[in-house]
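Scroll down for the structure; my scribbles are underneath it.
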Amino acid sequence: MYGASGGRAKPERKSGAKEEAGPGGAGGGGSRVELLVFGYACKLFRDDERALAQEQGQHLIPWMGDHKILIDRYDGRGHLHDLSEYDAEYSTWNRDYQLSEEEARIEALCDEERYLALHTDLLEEEARQEEEYKRLSEALAEDGSYNAVGFTYGSDYYDPSEPTEEEEPSKQREKNEAENLEENEEPFVAPLGLSVPSDVELPPTAKMHAIIERTASFVCRQGAQFEIMLKAKQARNSQFDFLRFDHYLNPYYKFIQKAMKEGRYTVLAENKSDEKKKSGVSSDNEDDDDEEDGNYLHPSLFASKKCNRLEELMKPLKVVDPDHPLAALVRKAQADSSTPTPHNADGAPVQPSQVEYTADSTVAAMYYSYYMLPDGTYCLAPPPPGIDVTTYYSTLPAGVTVSNSPGVTTTAPPPPGTTPLPPPTTAETSSGATSTTTTTSALAPVAAIIPPPPDVQPVIDKLAEYVARNGLKFETSVRAKNDQRFEFLQPWHQYNAYYEFKKQFFLQKEGGDSMQAVSAPEEAPTDSAPEKPSDAGEDGAPEDAAEVGARAGSGGKKEASSSKTVPDGKLVKASFAPISFAIKAKENDLLPLEKNRVKLDDDSDDDEESKEGQESSSSAANTNPAVAPPCVVVEEKKPQLTQEELEAKQAKQKLEDRLAAAAREKLAQASKESKEKQLQAERKRKAALFLQTLKNPLPEAEAGKIEESPFSVEESSTTPCPLLTGGRPLPTLEVKPPDRPSSKSKDPPREEEKEKKKKKHKKRSRTRSRSPKYHSSSKSRSRSHSKAKHSLPSAYRTVRRSRSRSRSPRRRAHSPERRREERSVPTAYRVSRSPGASRKRTRSRSPHEKKKKRRSRSRTKSKARSQSVSPSKQAAPRPAAPAAHSAHSASVSPVESRGSSQERSRGVSQEKEAQISSAIVSSVQSKITQDLMAKVRAMLAASKNLQTSAS
């Protein structure tokens, strides 16, 4: 691939060396011819670019300028200037010779064989065909099972003390050969129902017909590929010559195969051999009694006699133990039945099935699940082709009668010593309302069910159970695969009726088991269900809000069939379906469902329970807010579930699983996020402490004030700031003359005491935040502290700035730190110089900041001095005030203008100092402010959106 032209030239040298070495070796060896072979090493170099170019066809050139035909330089067409003579479109045999329909079919089969490996795993197919071939070999064997190995006495275990007896085995062998010869030579007579065309030759013997019949049956089930494999395997076996197209029995084989596919033919070859075996049972028993001398074999070691399973399963049920619980259940149901004589679907009266009692209860239990249908009828095999139905069923054993209805029922006389049960009488229901009468033959007219052979039956039973558990989508997906093993899913298949019967049986069993499991929690009063959605995870009631969502998604038909809701809120019990006669399922079959329920309901964590309850209630509110969780009263007897109910129940189960899984994932994610947030909060708190140690204690005092009112901080961070819109004016700041100086300017010792108290309070809050009890509160405090620090609107920030710049020497010392703190706030939240921006900032005012304003008011010398702002800063709120009807539009007194000019001259020197001191902490603060800026921006945007939507 990567060797390019150098790699191609080497093999040519090698082959040339072989040719040259041949004569040289012959000349030196005399009469003995020697061959000397030598070659050169060829190194391959990986060249990805050239390989890619080769892959994309960049080395190809157009032939004779025609870009439709691209060739490489080694192509022989490069020597030709005209290709029409050699074009396949005109000279191929398929153009000149049109295929007939049969030839086209054979050609299609050949094409399928040619390209089989493209879409089929040949190894798996070969293994499957080997298995089917073994099954066919066993089916073609005539004696009992264990035919693969011949069982002989005396050959391997020679005892010299015993005399050798050659006469008896030889006689027995001759007798068996004579019997086989008689059977093999028995001429074949076509049955009456099999209308063979006149031009089709019949097989000469019954044995040949049996081989053809069984081969056709296997090919119908396994597909044409099995026939090809069988033809290759049995190429030398003359008994399978009918598989060849030119054999005289091939048309008969094709006819039988077509009849089987269309359902017009059932296997009949086994009946005669079974009758012979039955007739020979007595003689076999006599022979066994005679052979009790030397070679005695215990009966338990005998190979089992090969019997017809179809006939065995079709025997009518005539035995039921009177002490069996099912018999008592039948009597009780007939006595308590409120329906008159049941009628079939077409109106013909059906006699209630009564059975003859004997002591063999195991046989009854074994056969119950096979052919006792839910409507009380037995499934009998269809009559052979060409035989009248009435004459066929009239030959059934005594005690089995056939009604005129399509569903075949059987009745037997009551057991001796017992009186027949009286006909059921009508009775009113306890609720007083007339319940809908459910007839025993509620199902559609049931077609006669053909039980499958023992190798197919477990597959059908398993698939029916899986479909009952997983829903009809599973059945459609299996049918879409077109697997030969699951061909019974097709409605035309002979075992489809048996599959449908088993599927309905498992559906009823699944429905009944789940309804029993649901019945206990559903008995809770309906009033408590809507009031306590969070308790659904504790008591494990499936009738919670999650189920409402599932029912709303699947059509909501389940409540209508299981219970009828009266407008006043009471539930009327619906009538239940007839009892299905079947063996009770083992406890192990129900374990997977129980395990799932335990996993869903067994949540010991309170947080998880509340979270699941909230999720289930929210999902119910999203899917169908008007529907309240219904409480369905379930009868003790199992109702017959419809397809919609089963799909709704399965959807509910899947939804519960998904909800539980989502809750667990969310809990794990929340715990992980909470740990990360704790780490982030701890880092931010340490960074804030580091910044506060670098600053003066005045910001610490303010931080203490912020922590004094954590609830107001949380209010400002969680609730939207009330924006004043429209014509609502901002609360005016009254400018009063400096008649009352503040207490802080008169007595500075009191101010120091206050600061000490605040420091103590801050230390106490720090120690409290380290304890696990106050972990979450400290987290919210630290977050709100940082938010409140940086999310002050511009109107309040100007007020705070003006108050901090008083003329006292104490205040003067703190002003650079204040200015540095303000500089660390993002520029988007400082006082803007544009009127539009200032108008936006001056509108939002939180209650927490109003408290701060009141506290800072008490600290200033006078309220008039606190209003003095430098002209550069005062210029922004002044034009914005008329638009917002703010009180900042009050005229500035000469005292204020004088103070502002003095502060401006001071501010130039103080800003230089602040630039030097802020360089130390600017790198740390920039990271924190970037994180907080996004949060504050989102909070302000959300508050504005909420306020505008409310207005």
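Each residue, glycine too, has its Cβ placed from N, Cα and C.
Note that this is a predicted model, so its numbers are computed, not measured.
Of the residues SER834, SER870, SER893, Swiss-Prot records the annotation phosphoserine for SER834.
Note on SER31, SER403, SER794, SER832: Swiss-Prot annotates phosphoserine at SER832; no matching annotation appears for the rest, which is not proof of its absence. When SER282, SER802, SER909 are compared in Swiss-Prot, the phosphoserine annotation sits on SER909.
In Swiss-Prot, the annotation phosphoserine falls on SER283, out of SER283, SER769, SER778. When LYS315, LYS638 are looked up in Swiss-Prot, the one carrying the note N6-acetyllysine is LYS315; the rest have no such note there, which does not rule it out for them. For the residues THR642, THR718, THR732, the entry in Swiss-Prot flags phosphothreonine at a single position: THR642. The Cβ of THR642 (phosphothreonine) has 14 neighbouring Cβ atoms from other residues within 10 Å, across all protein chains displayed. DSSP assigns THR642 (phosphothreonine) to coil, not to a helix or a strand.
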